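S.K.: What follows is a structure written as C-alpha cells; I'll ask about it next.
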C-alpha cells in the first residue's frame with residue numbers, strides 16, 4: 001500500500017513536472033504574429049476607409065457624389081470587420097488596448113452620427129439651394145404677370161389704395177431684394193462669411209416684412225417659400241459647416257494610431273514576456289536535466305549496490321556451500337561413524353560368539369592339562385623310585401648286604417607297586433587321551449581364528465576376486481554361535497567368482513543370516529541360503545520361515561535407524577548398510593515377505609566391480625574393519 | 001386630378017420569391033447589360049445581381065424556412081412572414097402590424113424586400129445589421145415576444161432542422177447566431193429588380209414616356225435628394241416635416257413618432273426617421289411610419305408639403321407617381 005502510494009506520488013510528480021514543461025513550452029511558443037499583422041492591416045484598412053470616407057463626404061458636399069451610398073460604405077466595412085477587430089481586442093488582455101478600442105469606437109460612432117447629420121443637412125441644403133433660383137425666377141414671373149394684369153386692372157380699378165406705380169415699385173423692390181438675397185445667399189454658400197450672412201438675414205427680414213400694401217396671395221406664398229428655403233439654406237449651411245468641421249475633428253486617425261500603438265506595445269510586452277518565459281524554460285529544462293542526471297546517478301548507484309549485493313550473495317552462497325559441504329562432510333563422518341559403530345556392534349556380537357567358541361575347547365584343553373599336571377606327580381614318583389632302584393642295583397653295597405638286599409627288595413616293591421598302579425589305572429592311555437583332547441581343542445581354536453581371518457579378509461586387497469560360497473561358509477562359521485540352534489540349509493549353486501570387497505559382502509551375509517536367525521525360533525527355525533548364477537553375476541537368497549515383516553514396515557526396513565527390535569538390541573542401521581553396500585557394488589537387494597510364512601532377501605551382484613565406485617567404497621572402508 | 005395608376009399590375013407581377021426564382025433574378029442583370037451601356041451620373045443605382053452578393057444558397061433556403069416558422073413567436077401564431085408577406089410587397093398592407101397574441105404594433109411594417117440594401121434597419125435605424133434586426137424582432141414583446149433560450153429549446157426538438165443547421169453551419173449548428181445569419185441571408189437575397197433598374201442599366205425602352213418624365217421631375221423637385229442610391233432611399237436619416245411640421249398638423253404624437261430620438265436621445269433626432277426605400281412603393285400602402293397615408297398620391301403630397309416645402313402641379317405629381325410604380329419588382333423568365 002505504501003509502495004503504491006509512493007509510486008502514485010512519483011507518477012504525479014512526474015506528470016506535474018512534464019505539465020510545467022509543457023506549459024512553459026506553450027508559453028514560449030512563438031507569438032502568433034498573424035494576429036497582430038491582421039490587426040495592423042485592419043487598422044491600416046480602417047484608416048484608408050476613413051480617408052475615403054472623408055473624401056466621399058466632401059464629394060457629397062460638392063455634389064460630385066450623386067447619392068449617399070458611398071458615404072454609407074464604411075458602415076458595411078465596419079459591420080464586416082468589427083467582429084474580428086473586437087475579437088482581437090478582447091483577446092488582447094490589456095486594458096490599454098480595450099480603452100483605446102473603446103475610444104476608437106466612440107470616435108467612429110461620433111463620426112457616423114455626424115455623417116448621418118451631414119446627409120440630412122446636405123440633402124436639405126442641396127434642395128433649397130437648387131430650388132431658390134427657380135423660386136426667385138418664379139417670383140419674377142409672377143411679379144411680371146401681376147404687374148401686367150394689375151396695370152390693366154389698375155386703370156379700371158381706382159379703389160386701390162396704392163397707386164399702380166407704388167404697387168409695381170413695391171413688387172420691383174421685392175424682386176430686387178429677392179435677387180440680391182439669392183446672390184448673397186449663393187455667395188454665402190460658396191464662401192460662408194458672417195458679414196454676408198448678416199446681409200442675407202437682413203434681406204430675408206426685408207422680404208419677410210409685411211409690405212405696406214399686401215402682395216397678391218400667390219406672390220406672398222412664393223415669398224414665404226423663398227424665405228423658408230433661404231432660411232433653410234442659412235441654417236443648414238451653417239450646421240453643415242459645423243458638422244463638417246466636427247467630422248474633421250473626429251480623431252479617428254489618432255485613435256487608430258493609438259490603438260495600433262497599444263497593440264504594438266502589448267505585442268512587444270508579449271515578446272518580452274515570452275523572452276522571460278524562454279529563459280524560465282531554459283532554466284527549468286536545465287533543472288529537469290539535472291534532476292534526470294541525479295535520477296540516473298541514483299539508478300546507477302542502485303545497480304551498483306545490486307551488483308555488490310549480488311557479489312555478497314555469491315560470497316554468501318559460497319560460504320553456505322562451504323558450510324553445507326562441511327555439514328555434509330560432518331554428516332558423512334557421522335554416518336561413517338554410525339556405520340563404524342554398527343560394525344563395532346556386529347564385531348562385538350561376533351567377538352562374543354567367537355569368545356564363546358574359543359572358550360569351550362580352551363576349557364577342556366585347560367582341564368586336560370590340569371589332569372596331566374596332576375598325573376605328572378605319579379610319573380615323577382615312578383621316575384624317582386625307578387631311578388633309586390637302578391642306583392641300588394648298580395652301586396656296591398656299602399654295608400650290610402642284607403640291608404642292602406632288604407633295601408633292594410623294598411625298593412623293588414615300591415617300583416612294582418607304582419608301576420602296577422600305572423597299568424591298573426591305564427594312566428598312560430589316559431595321558432595320551434588328554435593330550436589328544438588338548439591338541440584337538442587347540443586345533444579347534446586355530447580353526448576359529450582361521451575362519452575369522454577368512455571372514456574379515458584382513459590379509460587381502462580391498463577389492464578382490466571372491467567366491468561367495470566360501471564367504472557363506474566362513475560367515476556361517478563366524479556366526480556359529482547364532483546359527484547353531486537353527487537348521488541351516490545350504491543350496492549353493494555353481495556361482496562365478498565376482499570382484500568385490502569380500503569383507504563387505506561377508507558383512508552383508510552375516511547381517512542377513514543373523515536377521516534370519518533372529519526372525520525364527522530355536523526349535524523350528526530353518527534358514528535357507530541359496531546361491532545361483534545370473535546373467536550379470538550371481539544372486540544370493542537368504543530365506544527364513546519366521547514371522548515375516550509387516551507390510552506397513554516393508555517400505556521402511558532399509559531406512560536408517562528403522563528397527564522393530566527392542567532398544568539396545570539393534571541400531572536400525574543393519575539393513576541400511578546392507579543396502580548401501582549392495583548398491584555400491586552395482587547390485588540390488590529385494591525383499592519378499594509373507595506374514596507368518598517367512599521372509600526372503602535376495603541380493604543380486606554383478607560379476608564386475610564398477611571402478612567408479614572404488615572411491616565411495618574406500619570411504620566406506622575407512623570406517624571398516626581394518 | 002389623376003386617378004390612381006394601374007398599380008394592379010405590379011401586384012400581379014410581383015414574384016412569389018423563392019430560392020429558385022431568385023436565381024432567375026441573378027441572370028437578370030447580365031441579360032440586360034448585354035443590351036446597352038448602363039447610365040452614368042444618375043443619383044440612383046441599379047440593384048446589384050444576387051450573384052455578386054455571394055450568398056450561400058443553403059443558408060438562403062434555411063432562412064426561407066425559418067421565415068415562415070411560427071415557432072418563433074411565443075404563442076406559435078406569428079412568423080416573420082406574417083408581417084412581411086412576399087405577396088404584399090414585403091409588408092402586410094396594414095397601418096400597424098398584428099404581432100404575437102394579436103397585439104397591434106406601434107409602427108408601420110417596412111418592406112422586407114431589398115432590406116439588405118438599407119444602411120440600417122427599422123424606421124429609427126436601431127439595428128445596423130439584419131442579424132441584429134432579427135434579434136430585436138424576436139425579442140419585441142409586441143412582435144414575437146420570444147427569447148433565444150426558449151426558441152432553441154423548441155427548435156432543437158426538430159431533428160431535421162437541427163441536422164440541416166449542422167450541415168449548413170458545421171461549426172455552430174443550431175444557435176441564435178446561425179438562425180440570425182440564416183434569416184439575414186434570406187432577407188439579403190430578397191432583391192426586386194424593377195423596370196427602372198433595367199432603364200438604369202441602359203434599356204431605354206424599359207420605362208414608358210410618362211415614367212421617364214416622372215423620373216426627371218423626381219430629380220428636379222428634389223425628391224432624389226433623400227431618395228437616392230441603390231435603394232432609392234434607405235441610406236440616410238431625415239427629419240419628417242423639415243419644411244412644414246407634420247406632427248403639429250397630424251396631432252397625437254406617440255413615442256414611435258419620435259423616431260431616431262428613441263435611439264440617440266438627442267433633441268436634433270426628434271422625428272428623424274430612416275428615409276425609406278421607394279422600391280415597391282406602389283405595393284406597400286399605407287405609407288409612412290404611422291401608416292396614416294393610404295395612397296401613393298397622398299403620400300407624394302405629404303412629401304411635397306413637409307419635406308420639399310414646395311408645390312407642384314397635379315400633372316407633375318401624377319407623373320412622379322407614375323415613375324414610382326416603375327420601381328416595383330418584376331420577374332424575368334426563370335432559367336433552368
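Placed from the backbone N, Cα and C atoms, the Cβ positions cover glycine too.
Just so you know, TrEMBL annotations never went through curation; they're auto-generated.
So TrEMBL has the following annotated:
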type	residues	note
BINDING	B:80, B:83, B:84	heme c 1 binding site
DOMAIN	B:209-328	domain 'Cytochrome c'
BINDING	B:223, B:226, B:227, B:303	heme c 2 binding site
S.K.: Hey, of the binding-site residues listed (B:80, B:83, B:223, B:226, B:303), which one tops the CB count within 10 A?
M.R.: B:226
S.K.: Need this for a regression test: binding-site residues B:80, B:83, B:84, filtered to those with Cα within 10 Å of residue B:303 (heme c 2 binding site). What's left?
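M.R.: Near residue B:303 (heme c 2 binding site) by Cα: none of them.
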S.K.: Determine the Cβ neighbour count for residue B:227 (heme c 2 binding site): the number of other Cβ atoms within 10 Å of its Cβ.
M.R.: 30
S.K.: Mean pLDDT over the domain 'Cytochrome c' (B:209-328): what is the value?
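M.R.: Mean pLDDT across the domain 'Cytochrome c' (B:209-328) comes out at 94.
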S.K.: Specify the nearest of the binding-site residues B:223, B:226, B:227 to residue B:83 (heme c 1 binding site), where nearness means the distance between Cα atoms.
M.R.: B:227
S.K.: Beyond the listed site residues B:80, B:83, B:84, identify every same-chain residue whose Cβ lies within 8 Å of the center of their Cβ atoms for the heme c 1 site.
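M.R.: Apart from B:80, B:83, B:84, the close residues are B:67, B:79, B:81, B:82, B:85, B:91, B:92, B:97, B:109, B:112, B:137.
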S.K.: Taking the Cα atoms as reference points, how far is residue B:227 (heme c 2 binding site) from residue B:80 (heme c 1 binding site) in Å?
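M.R.: Answer for this pair: 26 Å between alpha carbons.
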S.K.: Which residues in the same chain, at least 6 apart in sequence, have a Cβ under 8 Å from the Cβ of residue B:84 (heme c 1 binding site)?
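M.R.: Within the chain, residue B:84 (heme c 1 binding site) has Cβ neighbours under 8 Å at B:67, B:90, B:91, B:92, B:109, B:111, B:112.
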S.K.: Taking Cβ atoms only, which of the binding-site residues B:80, B:83, B:223, B:226, B:303 fall under 8 Å from chain A?
M.R.: B:226
S.K.: When you look at B:223, B:226, B:227, B:303, which the record names as binding heme c 2, what is the longest CA to CA distance in angstrom?
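M.R.: Looking at B:223, B:226, B:227, B:303 as a set, their Cα atoms extend up to 11 Å apart.
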S.K.: Roughly how many Å lie between the Cα atoms of residue B:80 (heme c 1 binding site) and residue B:226 (heme c 2 binding site), rounded to a whole value?
M.R.: 28
S.K.: Which residues, same chain and not among B:223, B:226, B:227, B:303, have a CB within 8 angstroms of the centroid of the CB atoms at the recorded heme c 2 site?
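M.R.: For the heme c 2 site the neighbour list reads B:218, B:222, B:224, B:225, B:233, B:275, B:278, B:307, B:308.
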S.K.: Helix, strand, coil residue numbers for the domain 'Cytochrome c' (B:209-328) per DSSP?
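M.R.: Residue counts for the domain 'Cytochrome c' (B:209-328) by secondary structure: 58 helix, 9 strand, 53 coil.
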